[in-house]
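S.K.: Let me give you the structure first, and then I'll get to my questions.
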Amino acid sequence: MAFVLPAKGILQSEALKQYIYETSAYPGEHEQLKELREATTKKYGSLSGMSVPVDEGRFLSMLLKLMNAKRTLEVGVFTGYSLLSTALALPEDGQVTAIDKDRGAYEIGLPFIQKAGVEDKINFIQSEAPPILNEMLCNDKQPEFDFAFVDADKSSYKHYHEQLLKLVKIGGIIAYDNTLWYGLVAKEVDDEVPEPLRMVRTVIMEFNKLLSSDLRVEISQISIGDGVTLCRRLC
């Protein structure tokens, strides 16, 4: 029998999740975000869970506005729900650089980005992230970002962290998605974890430990979606 992923996110009460969505997320969701979310579900089915949930999108949008962020970076795009949330939250002269090797998934979201009138705020780069980030670091006019959002291959999070600490300005924030990994980080023994999820669980737990001892950042782990860890760069 094929392995079926558990429900994404750490909130296991479906009724409570729907209450949160219906009272504080769906009512203010931009129409193009709603249409993108529905198109992603239609195209990818259960795999649409790779997209950030609507409440997490609202959280990130508010965070960007509170920060007065203007220049942001996104590593891992999928169909672009978080990317569109970001572009809508940025001011007219804001810019988000988005990196993903899968142009096809991005094309699903592109019509909704265009309808929302924010395509000019987005610089999409089809590539693996490490070489692009290295290229930025080697540039004489090295960019300085206010905010970075990472939702990509978990095994590379430690590597991305070192690169992003040089690209995000002091006082800026790096946000890492999926840092509670279906809530499985709290399981005490591997036998309680579905075998296909064990390796990434181990990687995430090691990464969380690394962040907790990294004196270069101040962290806050948010229990929204599948877990989001905010890292404020201190030095």
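Just so it is clear, glycine is given a Cβ too, placed from its N, Cα and C backbone atoms.
Just so it is clear, the model here is predicted, and its values are computed rather than measured.
The annotation substrate binding site is assigned in Swiss-Prot to LYS8, ASP151 on the grounds of similarity to another entry. As annotated by Swiss-Prot, S-adenosyl-L-methionine binding site applies to VAL52, GLU74, GLY76, VAL77, SER82, ASP100, ALA129, ASP153, with the evidence given as sequence analysis. Positions annotated as divalent metal cation binding site by Swiss-Prot, on the basis of sequence analysis: ASP151, ASP177, ASN178.
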S.K.: Roughly how many Å lie between the Cα atoms of ASP177 (divalent metal cation binding site) and GLY76 (S-adenosyl-L-methionine binding site), rounded to a whole value?
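M.R.: With distance taken Cα to Cα, GLY76 (S-adenosyl-L-methionine binding site) is 10 Å from ASP177 (divalent metal cation binding site).
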S.K.: Starting from each candidate's C-beta and looking 10 angstroms out, tell me which of the binding-site residues SER82, ASN178 has the most other C-beta atoms.
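M.R.: Its Cβ has the most other Cβ atoms within 10 Å: SER82.
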S.K.: In Å, how long is the longest CA to CA span across VAL52, GLU74, GLY76, VAL77, SER82, ASP100, ALA129, ASP153, which the record gives as the S-adenosyl-L-methionine binders?
M.R.: 19
S.K.: As a test of the contact definition, list every same-chain residue at least 6 positions from GLY76 (S-adenosyl-L-methionine binding site) whose Cβ is closer than 8 Å to its Cβ.
M.R.: ILE99, ASP100, ALA129, VAL150, ASP151, ALA152, ASP153, ASP177
S.K.: Between VAL52 (S-adenosyl-L-methionine binding site) and ASN178 (divalent metal cation binding site), what C-alpha distance do you get in Å?
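M.R.: Just about 9 Å between their Cα atoms.
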S.K.: How far is it from SER82 (S-adenosyl-L-methionine binding site) to LYS8 (substrate binding site), counting Cα to Cα, in Å?
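M.R.: Answer for this pair: 16 Å between alpha carbons.
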S.K.: For a quick check of packing: other C-beta atoms within 10 Å of the C-beta of LYS8 (substrate binding site), how many?
M.R.: 18
S.K.: Do me a favour and check the Cα-Cα span between LYS8 (substrate binding site) and ASN178 (divalent metal cation binding site); whole Å is fine.
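M.R.: Roughly 9 Å, rounded to the nearest whole number.
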S.K.: Whole-number Å only: compute the distance from the Cα of ASN178 (divalent metal cation binding site) to the Cα of VAL77 (S-adenosyl-L-methionine binding site).
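M.R.: Between the Cα atoms of ASN178 (divalent metal cation binding site) and VAL77 (S-adenosyl-L-methionine binding site), the distance comes to 14 Å.
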S.K.: Looking only at Cβ atoms, how many others are within 10 Å of the one on ASP100 (S-adenosyl-L-methionine binding site)?
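M.R.: Result for ASP100 (S-adenosyl-L-methionine binding site): 24 other Cβ atoms within 10 Å.
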S.K.: Have a look around VAL77 (S-adenosyl-L-methionine binding site) and count the other CB atoms within 10 A of its CB, chains all included.
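M.R.: I count 27 other Cβ atoms within 10 Å of it.
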S.K.: Please identify, from the binding-site residues VAL52, ALA129, the residue with the sparsest Cβ neighbourhood, meaning fewest other Cβ atoms within 10 angstroms.
M.R.: ALA129
